[in-house]
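Structure first, commentary second.
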Amino acid sequence: MSKQIKGIAASEGISLARALVIKETKLDIQKQLISDVDQEIIKLEQAIEKSIADLKKIQQITLKKLGEEKAAIFDAHQDIANDPAIKEEVVELIKKEKVNAEYALFTVSNNYFEMFSQLEDPYFKERSADIKDVSLRIISHILGLEIHDLSTIDKEVIIISDDLTPSQTAQLDKKFVKGFLTNVGGRTSHAAIMARSLEIPAILGLKNITELVKTDDLIALDGSSGIVELDLNDDDIKNYQTKVQQYIELKEQLKKFKDEPSLTKDKIKKLIEANIGSTNDVQSVLDSGAEGIGLFRTEFLYMDNDHFPTEEEQFEAYKKVVSQIKHLVVFRTLDIGGDKKLSYFKFDEEMNPFLGYRAIRFTLDRKDIFKDQIRALLRASAFGKLGIMFPMIATIDEFKQAKTFVEECKIELDKEGIKYDNQVQIGMMVEIPSAAILADQFAKYADFFSIGTNDLIQYSFASDRMNQNVSYLYQPLNPSLLRLIQLTISGAHKHNKWVGMCGEMAGDSKALPILLGLDLDAFSMSATSVLKARSLMSKIEFSKAKILANKVLECETNEQVNKLVEDFLNNLD
């Protein structure tokens with residue numbers, strides 16, 4: 001009988017293939033005294049140049065495969081390799097102690113790694129991994145060591161590793177890489193996000209999978225359930241070969257839903273839309289058959305720049321998107337702060353940055369920055385269907401202030417004779433419990449709501465979703481959260497306003513029947529999830545989903561809801 005191991009289901013898909021175990025190179029970096037300081041600095045500079053060349057090449061590969069948003073990760077990596085403060089410290093150490101370049105770089109980068117990895121802010125935790133990735137690349141070049149090039153894999157394998165860096169994941173070719181398993185990581189890590197974009201099955205957080213598996217072992221994985229199977233017998237192999245074939249056939253069957261409307265079995269119409277963060281991602285929306293864009297994350301225009309983008313730069317980007325999409329495109333205004341930083345603007349240190357000066361709180365305070373964005377969005381509305389929504393709204397006064405500011409920008413454009421859609425919809429994110437509880441009052445002023453479940457879960461359960469010690473509190477099917485969603489939807493519908501959802505929950509097959517039953521109007525998800533969601537929706541009767549929703553609202557625990565949903569899905573025709 002096979003041995004089963006459970007990890008974090010990070011990217012769906014079923015695979016059966018031989019393992020390729022990639023162990024992290026253990027660099028034996030010894031402190032050595034050197035006589036030629038200048039030569040050592042030259043070695044460092046040459047290694048940095050080679051590393052930047054590597055990263056630019058990987059960035060171009062990523063740009064072609066996955067678009068601008070994912071490729072932007074390597075801008076950050078190049079910034080680290082080029083960081084003058086880090087280089088200055090390394091050079092100073094070489095000069096002062098007359099030590100070898102690799103030892104000096106390892107010492108300095110390790111100090112930064114330790115400092116950042118101990119911080120609570122997920123942004124800095126992520127940066128610590130980036131620093132480690134880049135510094136090891138530079139050190140490898142100093143030592144003349146071969147760097148693993150995963151793009152050269154030319155046979156079907158499942159990669160086993162402690163972790164996969166963004167630069168490694170970007171090189172994977174799904175023709176040969178049938179999946180990957182790692183000791184660490186979770187659904188929101190770079191590796192998981194890349195895997196979903198590449199449509200490569202992945203299970204993370206397996207703790208010691210590199211010790212349990214050897215290269216060439218035959219293994220199976222189910223990226224939907226998070227199950228890995230080892231020590232397969234003949235029956236197990238046949239079973240998984242059948243599962244793989246069924247999965248391939250299912251993906252082929254889903255293609256017929258591309259040009260179909262999103263309907264329940266009893267012909268109730270809903271919308272299934274896509275989330276994107278870059279103008280380069282528009283093609284994936286068109287290919288997916290999504291009925292619009294429920295979330296365009298505008299902050300990537302800011303994060304990929306070395307300055308606040310001008311009104312004209314933003315206008316061109318927004319216009320490019322709405323002119324290609326025939327359905328509504330909802331733009332979230334600048335959601336910066338918390339885990340999202342800008343290289344050219346320093347936020348003050350805060351005890352709780354996720355609860356601090358961010359999103360709408362920042363833009364209402366910095367109306368000079370906000371004005372460029374609102375004017376650009378209004379101007380773009382003349383070229384397609386466009387909605388504007390404000391993030392992190394906590395009070396009605398905040399929403400009124402933001403909406404009034406839009407009206408002031410309209411008056412300016414009128415005076416200048418610049419065209420825009422005067423009926424552009426103005427909505428808000430519901431990601432703070434106060435907004436959900438008072439949704440019926442907010443609905444008097446907002447044209448629509450979009451529920452951001454990632455933050456709503458985090459704020460409802462007072463738990464950092466990036467902190468593994470409290471990850472058990474990430475409970476999207478907890479009845480308390482479902483009641484907040486129900487309050488939001490009923491409050492909006494009371495005033496004939498529509499409600500969408502743009503968090504990960506919108507694309508979750510377990511959540512979909514409940515959200516249908518709660519009468520959610522629009523489901524916005526990653527483009528790769530659209531057809532699967534539309535297919536599932538077509539099998540569900542709205543009347544039965546409403547009965548399910550009423551039952552789960554009376555539950556006490558996440559587990560009880562899970563059981564009801566599993567029974568419901570298992571009984572679909």
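Residue numbering: from 1, along the chain as shown.
Backbone N, Cα and C define each Cβ position, glycine as well.
Remember, predicted model here, so these are calculated numbers, not experimental data.
Here Swiss-Prot flags His190 as active site, tele-phosphohistidine intermediate.
Per Swiss-Prot, the feature phosphoenolpyruvate binding site maps to Arg297, Arg332, Asn454, Asp455, Arg465; the stated evidence is similarity to another entry. Shown in sequence order, Leu295, Phe296, Arg297, Thr298, Met389, Phe390, Pro391, Met429, Ser450 are the residues of the chain, 6+ apart in sequence, with a C-beta less than 8 angstroms from the C-beta of Arg332 (phosphoenolpyruvate binding site).
In the three-state DSSP scheme, Glu431 (Mg(2+) binding site) falls into the coil class. Taking Cβ-Cβ distances under 8 Å and a sequence separation of 6 or more, the neighbours of Glu431 (Mg(2+) binding site) in its chain are Pro391, Met392, Ile451, Gly452, Thr453, Asn454, Asp455, Leu456, Tyr459. What Swiss-Prot lists as Mg(2+) binding site is Glu431, Asp455, and the listing cites similarity to another entry.
DSSP classifies Cys502 (active site, proton donor) as coil under the three-state reduction. Per Swiss-Prot, active site, proton donor is recorded for Cys502, and the stated evidence type is similarity to another entry.
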Distant-in-sequence Cβ neighbours of Cys502 (active site, proton donor), under 8 Å, six or more positions away: Asn275, Gly294, Leu295, Met429, Ser450, Ile451, Gly452, Ser524, Met525
